[in-house]
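Undergrad: Among the features that TrEMBL reports, compositional bias 'Basic and acidic residues' is placed at 729-738. The compositional bias 'Low complexity' annotation in TrEMBL covers 827-846. Sequence annotations record features per position, and here TrEMBL assigns compositional bias 'Basic residues' to 861-870. Annotation comment: TrEMBL describes 714-738, 753-778, 818-870 as region 'Disordered'. Residues or ranges marked as repeat 'HEAT' by TrEMBL: 213-250, 252-290.
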Amino acid sequence: MRPIILFSKMDFSQSNLFGYIEDLQELTIIERPVRRSLKTPEEIERLTVDEELGDIERAVYLLSSGQDIQGTSVVANLPVLMRQNPAETLRRVLPKIREVLHVAGVEMQLTAAVSFLTVLQEESVSIHTYSHSFLHIILQNLEHRDAGVSNAWLETLLAVIEALPKETIRHEILNPLVSKAQLSQTLQSRLVSCKIMGKLANKFEAHIIKREILPLVKSLCQDVEYEVRICMCRQLEHIAQGIGTELTKTVVLPELVELARDEGSSVRLAAFETLVNLLDMFDADDRSQTVLPLVKSFCEKSFKADESILVSLSFHLGKLCNGLYGIFTPEQHLRFLEFYKKLSTLGLQQENGHNDNQLQLQTLEQEKKYISVRKNCAYNFPAMIVFVDPKNFHLELYSIFFCLCHDPEVPVRYTMAISFYEVAKLLNSGVYAIHKELVTLLQDESLEVLDALVGHLPEILELMTNGGENSGSESKLLSIPDLIPALTTAEQRAATSLKWRTHEKLLQKYACLPHIISSDQIYYRFLHRMLTIILTNNVLPVQKAAARTLCVYLRYNRKQEQRHEVIQKLIEQLGQGKSYWNRLRFLDTCEFIMELFSKSFFCKYFFLPVLELTHDPVANVRMKLCYLLPKVKSTLKIPTDKHLLQQLELCIRKLLCQEKDKDVLTIVKRTVLELDRMEISMDAFQKRFYENDLLDQEKERQEHLLLEMEQLEKEKQQNEGRSTNINDKIFEKKRRDSKTSSVLAKSITLSVPGNSSGTSAGKEDKKSKLVRSQSFSTQALHPKYSNIDKCPNKSSATGYTSSVSGLGKSCMLSFSDDSFRTHSTGNSGNAAFPSSSSSRNLFNSADQKTTGNKESQSRKMSIKNRKSNS
């Protein structure tokens, strides 16, 4: 809308038109210098080289009379010339490069350093020839006035030292180094000497290092420039590894102690880091008497005087604590643990202060520093678990773990996500304690955190479900309710973002879920989601990842009904979909099916739907199908799949005869030749296909095993239903028997004295009958039978209730008869209780009566129907 408004306000008067013309003229004036900057014909002529010149002649010509950019291209092409013609390149081109480098600019110098290193790595010439031809050029340019160029040549020299023989190093490098390391030399020269000495320490014996290198090391450690002291301090680690523990203790350790007390904070920091890296080379006495006091003072000064070293201290704290673990007293152990906890929450406490601009700037700088400290604490968290022992994790470190996982800054949470798998491995049986933090990181708002966590997600989930204290299904069930919503939320967040690589990675890792959660949970929460992604997502790698994960879910699905439903959807929505894009994805899915399933499975469900795509109206689909046909043919077995082979040959013939697209026809002809060369495997094992057939047989066995397991589960459920019915019947019978026995005992005690109490006994008989009838009525409405409608077999359930009611009636009659008999023969004092066999007979007779009544009713109904029909 804005351009329309501006256009409506434009004034087309003569003065304004002239103003617009002047503006246009100014634009043309601006463009003129751009045109002038193009090469003139004379310049183009000077840049032109005779095409008939060879590579060597052209290189020499360009280095001699060409421009800088042409000389730089020759130097960059030096490794190619060395491969093609090393002798002529060394004789004619390399001397020219040596001459040009004296006056060359920075770009050519950097290019030459890289080219010389490439020649060394490719081993175009022997190391003797290389040292004779290239080493002098490297040493000449080592002290270039530009620091970047000097560092580039130094990196090349350090790589060359690794390959050079000792004698060459001693004469060409070590002997000149003595003079280059003197205080009278330039700062750049002394810095280069420090780095070279660190590299030479691993090339010579200890006595040579002690005699020729260690005096220079001591001199450079006491250099007047702090940059030299820092550089030499960082090389002491390499020198210590070259001279061994004894000389390290007597020579290197005193220098480190002195450097740790240096006036410069950066020098002290370098000494502290070198001490931490050399902890393994010091014995217990050196650690307790020398290193530990230095470390303690260093940690104290970090908070009081110099906060700039907090970042480095937090980075090395885990290695430091574990390196000094054996010499810590309990108090010192607790002190360093509290120091780590303090660093882990540094900057999160709100402090009262002024709101001045200067304070705000300081706060911003401190905030960046504190974020780095907490990030380093997250990096060292696995080391601190080892320091406190995983058994004490919940008591000592869980609160810090919680804070780091919920830190407001993304870099801290990102580092925790990366180290989460290490933490889970260390906790082992107590891994369920960090279950909530896993859910938190899965639902993190930053996709960087999710991407870092997903890398080891299958291993983490396996530890979560199988490595808890209640290992097995119990812990598995406990962890699922929170995990499944978190996993679905993570996938949806990745799907709605623009970071499709994170989404693809997530879908690939979700293929582990069949080993983590149940088949039904995957079917209802994840499987259909994968199908939706295939149908709706626009990113091809994401679609393929979803297709493969869906095939994995289908592979481990334990219900045949669900498998058939998914297969039907794949064929209808993908294979027979309206969009050609969906049909292409169907072919991708079929490739995954052939990879994950047995040959018989593919032939049974997908072989014919794939062949139907030979009639697809889109050429790209037919083309992709042609590429897939050799794999499709490899799934056949003769003679079982002979009819499918005939269908395949028929489709190929149709393609050859009816195909009109030239590209597709070319691929069809190429595919036909490949299919003719293929050999089809037989039903019986063959030597040439033995491994493939064995693998396919294993896949087929697992598929049959899933079907058998499903059948066994169904039978088990039916048997459990029957057993519960039988057990309930037995339980009801025992309760009735106990009720009647107690009532009969009471009636016997009342009827034994004589006939004088006949009226009262008659009343008691009536009461006992009433109690028995009430007990049977309450038992018939037992809570276990309140959900009788939920049983799988309704007819059996109704039969069961009718049999129970029939049993109740028959038992009431038999018990009443027995009580009457007992009352009439009360003088004998023996009560007639119904036996188990009689109860079974009564049960059978009751069933026969009910079935007889049903049969008679059905006969009457059939007679009535016949009469009405007649």
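Even glycines carry a Cβ here, placed using N, Cα and C.
So that I understand the layout, could you describe where these features sit and how close they are to other parts?
TA: Beyond the ends of the repeat 'HEAT' (213-250), by six or more residues, the same chain brings 174, 177-178, 181, 183, 187, 190-191, 193-195, 197-202, 204, 206, 256, 258-259, 262, 264, 266-267, 270-271, 273-274, 277-278, 281-283, 286 to within a C-beta distance below 8 angstroms of the stretch.
Panel annotation: around the repeat 'HEAT' (252-290), residues 217-218, 221, 226, 229-230, 233-234, 236-237, 239-241, 243, 245, 298, 306, 308-309, 312-313, 316, 319-320, 323-324, 326-327 of the same chain, lying at least six beyond its termini, place a Cβ under 8 Å from a Cβ of the stretch.
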Undergrad: Could you tell me the mean pLDDT over the repeat 'HEAT' (213-250), as a whole number?
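TA: Here the predicted model's pLDDT, averaged over the repeat 'HEAT' (213-250), is 90.
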Undergrad: Run through the repeat 'HEAT' (252-290) and tell me, per DSSP, how many residues are helix, strand and coil.
TA: 32 helix, 0 strand, 7 coil
Undergrad: Per DSSP, what is the helix/strand/coil residue tally across the repeat 'HEAT' (213-250)?
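TA: Taking each residue of the repeat 'HEAT' (213-250) in turn, the totals are 34 helix, 0 strand, 4 coil.
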